[in-house]
């Protein structure tokens, strides 16, 4: 039986912290789907198309990882559609745990056959968040140490315009 997992997020933009979780999940599961979701609580900085492109470039080396765009639907519905029996969630800190525990409660109510697997972000990457990256971009500070090259290229393109 193939073990499939779904790792969801808005990835606005994808960070090295996200890639850390994706890489480690790729070793644990036969296939990892990255669910690129539109977060109704967040105003998108990069377009969905741009985020998908940056993600696909960043994960190119992982042969068992693919990106799916999913708007206006629940993660449990996407997981069922692709046959994923696991949600992968990254934890940077205790605030992430509180948020994720609440999310897991509702996911279990909707799909009790899907397990949530938590992966702690590597300590050197735990301070990195997409919102901090967007702040650095706004103030024209370098984001190179914190994001994949695909994001750096998009940021450089934006600054040229």
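All residue numbers here begin at 1 and follow the chain in the order shown.
Glycine is no exception: its Cβ is also placed from the backbone N, Cα and C atoms.
Look at Swiss-Prot and you will find 10, 11, 18, 90, 91, 92, 100, 125, 126, 127, 128, 129, 130, 131 tagged as ATP binding site, backed by sequence analysis. The substrate binding site annotation in Swiss-Prot covers 10, 42, 75, 89. Summarising the annotation, Swiss-Prot assigns site 'Transition state stabilizer' to 18 and lists sequence analysis as the type of evidence.
The Cβ neighbour count for residue 100 (ATP binding site), using a 10 Å radius and every protein chain shown, is 17. Rounded to a whole number, the distance between the Cα atoms of residue 89 (substrate binding site) and residue 130 (ATP binding site) is 15 Å. Considering only the binding-site residues 10, 18, 126, 128, the residue whose Cα is spatially closest to the Cα of residue 75 (substrate binding site) is 10.
Sequence-distant contacts of residue 91 (ATP binding site), defined by Cβ-Cβ distance under 8 angstroms and a gap of at least six in the same chain, are 97, 100, 118, 119, 120, 121. Compared over the binding-site residues 10, 126, 130, the count of CB atoms lying within 10 A of a residue's CB peaks at 130. Here the Cα atom of residue 89 (substrate binding site) is found 10 Å from that of residue 18 (ATP binding site).
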